[in-house]
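Database features (TrEMBL):
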type	residues	note
BINDING	A:ALA10, A:GLY11, A:LEU12, A:GLY13, A:THR14, A:VAL15, A:GLY16, A:ALA17	NADP(+) binding site
BINDING	A:LYS107	NADPH binding site
BINDING	A:GLU192	L-homoserine binding site
ACT_SITE	A:LYS207	active site, proton donor
DOMAIN	A:351-426	domain 'ACT'
There are 2 protein chains.
Amino acid sequence: MKSPLRLGLAGLGTVGASLARLIETKSETLTNRVGRPIELAGVSARDRSRDRGFDTSQLAWFDDPVALARDGDIDVFVELIGGETGPALDAVKAALGRGLPVVTANKALLAHHGVALATLAARSETEILFEAAVAGGIPIIKTMREALSGNDVTRVYGILNGTCNYMLTRMEDEGIAFDDCLKDAQRLGYAEADPTFDIGGFDAAHKLAILTSLAFGCEIDLDSVFIEGISSVTNEDIEAAAELGYRIKLLAVAQLTETGIEQRVHPTMIPAHSALAQVDGVTNAVAVDSDLLGSILLAGPGAGGDATASAVLSDIMDVAGGVLPPTLGLPPAKLVPYRRARMRAHEGGYYIRLSVYDRVGAFASIARRMAENEISLESIVQRRREHAADATTAPVILVTHETTEAAVRKALELVSKDGHLKNEPKMIRIEALD
Amino acid sequence: MKSPLRLGLAGLGTVGASLARLIETKSETLTNRVGRPIELAGVSARDRSRDRGFDTSQLAWFDDPVALARDGDIDVFVELIGGETGPALDAVKAALGRGLPVVTANKALLAHHGVALATLAARSETEILFEAAVAGGIPIIKTMREALSGNDVTRVYGILNGTCNYMLTRMEDEGIAFDDCLKDAQRLGYAEADPTFDIGGFDAAHKLAILTSLAFGCEIDLDSVFIEGISSVTNEDIEAAAELGYRIKLLAVAQLTETGIEQRVHPTMIPAHSALAQVDGVTNAVAVDSDLLGSILLAGPGAGGDATASAVLSDIMDVAGGVLPPTLGLPPAKLVPYRRARMRAHEGGYYIRLSVYDRVGAFASIARRMAENEISLESIVQRRREHAADATTAPVILVTHETTEAAVRKALELVSKDGHLKNEPKMIRIEALD
């Protein structure tokens, strides 16, 4: 039997407490599988007295995570504190500086400092493992870094935020309005009191920025992600999507184009019969298109204490077995700079919803503006008038064939100027999945 | 730069030739990713003169794969010969005997000799990697062995045979009869001249037997797999399934029950709205249920030269990086003996199709036999008579709630004895997926 792997665990929230319990209850199984015991050798959290469902009295306790990382008698530092700066960043730097491998679930830390930390790790001949940082329990990091290591990736995309997917699913299934759905999600613990990070698309953008680096061997560039959240999606959009054979998901997409890489997070219509469209509730899913494999899809739990702890545990098991792949799939010096695509995000079809004044010639005028901008229409439908009391406008739904975002924005600007629209036009991108 | 990893490659069929080309064309990328060059140092195949799309003149050529495995100046032996005995087995044994890691795509070899070979490998302090042996390009072996290493698995199931899935998809989409569909599949290269191994369910059974070992930490037991192929599935069954909200797939299922492990491969009705039901054509998919993750699903290409070579390549990259996990997820001595479940395979719902003589009381008599065997019916439907010329029988379709296979078999035997049936009853198992 080899010597035990001694963990220093910083952060005892939902995931940290779950991990600590698993290391205790699964001790024998884990030892059998990896050939050496896994031990909790030091712990850091804010309040030692809180009951977390396991015995902390025998553990070496550090009030300061940086002290644990710097001085703990440990072989690996597990960072489950969260946050892109402060103690999480300082502790990870301290651990890497000592040459300790770091296991983390911290997407913000990686999205902001991933390349710098990978460089620091490489300098100390160690690495950072972060399976839990993207898509919770889905092994997408291992898959991209190891299983696809012979592939050239052309696109990675998926449903990366469980809160948004839960809300869109309930809005569709039960016809609940966005605001009521959000209240429910908050009551059930699927959304934070301040939900902006999730429903604004920022959480998904952080995860996407990390995947982009693994997919294309480039530096992480969070600032280049085009981000649009789900708060503008209405039940009417969801109904119209269903009629057209689509479902609306918050999709995160990173794609290699001729001029560079495109990263975007936005509500997207995807074909109702695609496998991704069946991914409901808090489940996450990621698809990768590559030269050798064509397309593969992974779906599973995107959050939750045990599911996330499972991902952390698999990284710890890798460390225990001596497996330390390069943090971002390549040695940091081999990462190429991020090259942003020249085009405005997304080339594809568009769903456009207009509130049009009910006047002779409006329809024809809108169609002409589209044609002028070389936008070919798949369908143009006038739906029932919006309210009995407001008979002067009617919703018009356009579905375009493949075009560019620039063309659509230009055409809609002109339609607005023509005075046909009561409100700002609404636009949802359509993604062709194979 | 570390020293090159020298490959000995035995077998230059579709996958082997694809692999050899990739090692040449992707040389720089692979070297960057793994930190050392990957070189083809020796090759063995039957006919040296055949054009395989790459230059073999500079390679150390072995007519005998065993000689390559035994004497080649190589660091890893890649077995792509196929077959459970003969040169593949002998060469793998020779390589392991020398302490060389083996990478193979050979499901039959592993399903029959996996535990013995893993034991031989462990004795020489090496391992066998076999990502390509199950579900082609889908990284299910890595996922089960590494990503799920903290999990206790309760069920693994999936669509593991592309030929069958291609045929069932076309039968459903185009209403083509089984025999015509098979001819098409053969013409397109999706089915062998002798298709028994695929459509009889044997190929899926081999793959399932390997997954079962990884899922439950037990020895491989191919003989315990209950196998039923797809040749009895008719267009009428597929239509009836669609009406009931199901699709028919050849599912391979390994499940932990109270009395042991159940392994089965058979045509199965799965809910039309499940993600697995969207897996069409030659695509494969595998789902794993486990304690920490709940359920995860992986879908992707199950066959093809490049997709399979991609899986082989990921194993080679692991070897190059010094990653050698235990062949079957545990040291061979820790594998528990396979314990077969006591019950007849499958507990769940059943679809039953009867050709019933059109007589007063037949319906009631059938329903009574079901009740006597404590089978509760979800629906019982008499469909249109089978032929205008044969007005004496009518198809009756029963859908049962959850019950056991033993009860269904007993009830159908009695119904047959009662003289109501023109033909043997037809039964398709229903799998509840969450």
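Heads up, the Cβ atoms here are built off N, Cα and C, so glycines get one too.
Features per TrEMBL, on structure.
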residue: A:ALA10; record: NADP(+) binding site; DSSP class: strand
residue: A:VAL15; record: NADP(+) binding site; DSSP class: helix
residue: A:LYS107; record: NADPH binding site; DSSP class: helix
residue: A:LYS207; record: active site, proton donor; DSSP class: helix
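Taking the mean position of the Cβ atoms of A:ALA10, A:GLY11, A:LEU12, A:GLY13, A:THR14, A:VAL15, A:GLY16, A:ALA17 as the NADP(+) site, the remaining residues of that chain whose Cβ falls within 8 Å of it are A:LEU9, A:SER18, A:LEU19, A:ALA20, A:ALA45, A:LEU80, A:ILE81.
Here A:LYS107 (NADPH binding site) is positioned 14 angstrom away from A:VAL15 (NADP(+) binding site), judged by their C-alpha atoms. The CA atom of A:GLU192 (L-homoserine binding site) is located 18 Å away from the CA atom of A:LEU12 (NADP(+) binding site). In the structure shown, the C-beta of A:ALA10 has more C-beta neighbours within 10 angstroms than that of any other entry among the binding-site residues A:ALA10, A:ALA17. Long-range Cβ proximity for A:GLY16 (NADP(+) binding site), meaning a same-chain Cβ under 8 A and a gap of 6 or more residues, is found for A:LEU9, A:ALA10, A:ALA45, A:VAL78, A:LEU80. Cα separation, A:GLY11 (NADP(+) binding site) to A:LYS107 (NADPH binding site), rounded: 15 Å.
A:THR14 (NADP(+) binding site) sits 16 Å from the residue listed as 'NADPH binding site', taking the C-alpha atoms as the reference points. On its own chain, A:GLY13 (NADP(+) binding site) has A:LEU80, A:GLY82 as residues at least 6 apart in sequence with a Cβ closer than 8 Å to its own Cβ. In this structure, the C-alpha atom of A:ALA17 (NADP(+) binding site) lies 19 angstrom from that of A:LYS107 (NADPH binding site).
Counting only the Cα atoms, the space from A:LEU12 (NADP(+) binding site) to A:LYS107 (NADPH binding site) is about 17 angstrom.
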